[in-house]
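As given in TrEMBL:
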BINDING   ASP23, LEU24, ASN25, ARG38, HIS61, PHE62, GLY63, ARG64, ARG120, ARG153  substrate binding site
BINDING   ARG38, ARG120, ARG153  (2R)-3-phosphoglycerate binding site
BINDING   LYS203, GLU326, GLY356, GLY357, ASP358, THR359  ATP binding site
Amino acid sequence: MSSFRTLDDLGDVTGKVALVRVDLNLPMDGGSVTDTTRVEAAKPTIMELVDAGAKVLLLAHFGRPKGARNSTMSVSMTLDAVEDVLGKEVMFIPEVQGPVVAQSIGILRNGDIGLLENTRFWPGEEANDAEFAAGIAANADFFVNDAFSAAHRAHATTEGLARILPAFAGRAMEKELTALEAALEKPEQPVAAVVGGAKVSSKLAVLENLVGKVQHLIIGGGMANTFLAARGVDVGKSLCEHDLTDTANAIMDAADHAGCTVHLPYDVVVSKEFSANPASLRVCNVHEVAEDEMILDVGPQAVEALGDVLKTCKTLVWNGPMGAFETEPFDDATVALAKTAAALTIGESLVSVAGGGDTVAALNHAGVAQDFSYISTAGGAFLEWMEGKELPGVTALKK
Ligand code: ADP
Ligand code: MG
């Protein structure tokens, strides 16, 4: 049994008014939506409520209007895309509370859908103003949160409403929370974490949290250079935060104390210039990087050894690519390790959870995203979860 209420706990909702917080912050090009993944993610929850005969009111933010109406950031810009994905007509309602919403609910039949205006048009949203939330809640019977990606914010429609109305996790939220619990809260051990990406500074809190939770911490990407430098390796012209070498040493000490093995690359792919397939490309031991070379990927021997580490593990969480994967051949380590993780997942010896904007892009590039146990597209909320922070939107759903 989960620690939060889900749609299974709803009972009869015929004719009841549901406020459903979704993520409709869709990528746009000019006036049109370029990607509907987030609508697809919310569809099971919306259609389940529709089929159960509820009147479904969708709540979402769109862009950063900073508490004022702004016609270029109206949620109505997503209306066509939402209707397309749901295969159903949706009524746009240009308010979130008050008589206009009440009248619209009167027009909606059971199983109909309304789309409320951008919650961030009102300052009460980001201020998590109790009166603002109460005004929205006044028209509804219950609240469903299906936007994990906004759960790290304590806003009126991500946290406040859950304090006023009976609150439930939607199906996408439920899937995400279940996957994340299986990966770090109650994982099968040993657990490996892969942390890569450009900079240590952007992921300090992640690293500090993980050393106490996982048995293997695999560090790749640009941030590995800072750890190598901390160990006295000359990393040449590589991206490296030299001012953070003390911090890197402290993290490695903490890992030692916690019984967590930190894995740094011992061979690397280097080049004098950062371009696709450069003439100066070579593979070398980390101690042989020349003054005018940059480390741009983890080397093949290290990748093989890391694959062997994953074979001994039952759980993997992954954030951050192992190299500058956007430029060939510096995608090799990321692709190879991703394929190993995917094969182990298919073979059911590994539960694999990954997240992060560039990480998801890298796993798609490797062609293995669908083979991972769970891929989070939540960005900031995923990182805060990896930092071990409580997410207010999730806490508010706890029983
Ligand atoms: P995510 O979005 O998944 O959290 P990050 O934004 O932290 O990941 O990091 C991704 C970026 O790190 C990519 O743009 C990649 O090119 C860069 N990167 C990885 N390894 C290196 C490296 N050795 N040198 C420079 N940049 C790197
Ligand atoms: Mg990124």
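Placement of Cβ uses the backbone N, Cα and C atoms for every residue, glycine included.
You'll find the Cα of GLU326 (ATP binding site) roughly 31 Å from the Cα of HIS61 (substrate binding site).
Cβ neighbour density within 10 Å is lowest for ASN25 among the binding-site residues ASN25, THR359. Rounded to the nearest whole angstrom, the C-alpha distance between ASN25 (substrate binding site) and ARG38 ((2R)-3-phosphoglycerate binding site) is 8. Checking the binding-site residues ASN25, ARG38, GLY63, ARG120, THR359 against ligand 1, the ones with a C-beta less than 6 Å from an atom of that molecule are THR359.
Here the C-alpha separation of GLY357 (ATP binding site) and ARG153 ((2R)-3-phosphoglycerate binding site) works out to 18 Å. Highlighted here are the binding-site residues (GLU326, GLY357, THR359) whose C-beta falls below 6 Å from ligand 2: GLY357, in sequence order.
The two recorded residues, GLY63 (substrate binding site) and ARG38 ((2R)-3-phosphoglycerate binding site), have Cα atoms 14 Å apart. Considering only the binding-site residues ASP23, HIS61, ARG120, ASP358, THR359, the residue whose Cα is spatially closest to the Cα of ARG38 ((2R)-3-phosphoglycerate binding site) is ASP23.
For THR359 (ATP binding site), the nearest of the binding-site residues ASP23, HIS61, ARG120 in terms of C-alpha separation is ASP23.
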